[in-house]
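These notes are about the structure you will find just below.
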Amino acid sequence: MMIKNKKKLLFLCLLVILIATAYISFVTGTIKLSFNDLITKFTTGNNEAVDSIIDLRLPRILIALMVGAMLAVSGALLQAALQNPLAEANIIGVSSGALIMRALCMLFIPQLYFYLPLLSFIGGLIPFLIIILLHSKFRFNAVSMILVGVALFVLLNGVLEILTQNPLMKIPQGLTMKIWSDVYILAVSALLGLILTLLLSPKLNLLNLDDIQARSIGFNIDRYRWLTGLLAVFLASATVAIVGQLAFLGIIVPHVVRKLVGGNYRVLIPFSTVIGAWLLLVADLLGRVIQPPLEIPANAILMIVGGPMLIYLICQSQRNRI
């Protein structure tokens, strides 16, 4: 009971930190706001500075929160579905497939912009299915599966490079220049994906069972692995439709959360949601304040942090095999 209460207290502390970070991000930037500016806005309704920030900065913050949460949860789900601690949507080519589909849709059917998360999901599904089919035939270990994923990532990025030579191919890059319609589109996918994940989370712990153990308790492990994988691909692909590829968030957060609260997915999923949202928000905030008025993309900061962590996890995986 004491451990459970400690986890609840930790979760509440993380929520407070997340809210505080969101506030700092809201008032920090080229146009700075004071607390009095906000009070004036909410009491009189007249403050042009706050109005401009609400239209320019608030959508960016909300999208950072949703994307961070979705990518972190997607990483945790992929690791559960593939039974691979190194799995992440960007590394295994899911994000690249989704981005190619996004580019094609914007060129040929731009009127379906509202459905981009769903259409990107179709693109992200292709590399995921290739990984699954190859794994079922060759039974890759964790590192070999990631190497196949990296090969797919390189291949698909080559295709993407060719496609983007066409100036009509609009590819989203990072969190800048986001508007309220982007928030609404992503919010639908975020709510749907995260709610389904919470409903599925009690079953995720059973994915660690082998086939014989699963059958003995009447658990259809293959069905739930597929459901978990599809949900992970959907969450990652939906973010790609709005902000493009963001690396390593799906690896960093689940492993940090496991160190904090253990591997129980009922606890891991909510914590990953909050920490993922916070981490991307911090990366975006740092990118805005390190070298103003220039902005460093949040993806660059994530890559600097995530690259060494991936190397560490690969070394740890190899050490466990010895």
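Cβ coordinates come from backbone N, Cα and C, glycine included.
Residues or ranges marked as transmembrane segment by Swiss-Prot: 9-29, 61-81, 89-109, 114-134, 143-163, 179-199, 233-253, 267-287, 294-314.
Put simply, of 114-134, 179-199, 267-287, 294-314, the stretch with the most CB pairs closer than 8 A to the transmembrane segment (143-163) is 114-134. In this chain, the transmembrane segment (267-287) does not touch the transmembrane segment (114-134); fewer than three CB pairs sit within less than 8 A of each other, excluding pairs fewer than 6 residues apart. Nonlocal intrachain contacts for the transmembrane segment (294-314), taken as residues 6+ away from its ends with a CB within less than 8 angstroms of a stretch CB, comprise 64, 85-86, 91, 143, 146, 173-176, 244-249, 251-252, 255, 279-280, 283-284, 286-288. Remote same-chain partners of the transmembrane segment (179-199), defined as residues 6 or more beyond its termini with a Cβ less than 8 Å from a stretch Cβ, comprise 55, 59, 62-63, 66-67, 69-70, 73, 77, 113-114, 116-117, 231, 234-235, 238-239, 241-242, 269-270, 273.
Residues 71, 74-75, 78, 116, 119-128, 130-131, 145-146, 148-150, 152-153, 155-157, 159-160, 163-164, 166, 168-172, 232-233, 236-237, 240-241, 244-248, 250-251, 310 of the same chain, all 6+ positions outside the transmembrane segment (89-109), place their C-beta atoms under 8 angstroms from a C-beta of that stretch.
Long-range contacts of the transmembrane segment (61-81) within its own chain (CB-CB distance under 8 A, at least 6 residues past either end) are made by residues 18, 22, 25-26, 87-89, 92, 175, 178, 182-183, 186-187, 189-190, 193-194, 197, 204, 207, 225-226, 228-229, 231-233, 235-236, 238-239, 242-243, 246, 249-251, 253-254, 257, 265, 268-269, 272-281, 284, 298. Residues of the same chain lying 6 or more positions beyond the ends of the transmembrane segment (9-29) and with a Cβ under 8 Å from any Cβ of it are 35, 38, 53, 57-58, 61, 64-65, 260-261, 270-271, 274-275, 277-278, 281-282, 284-285, 288-289.
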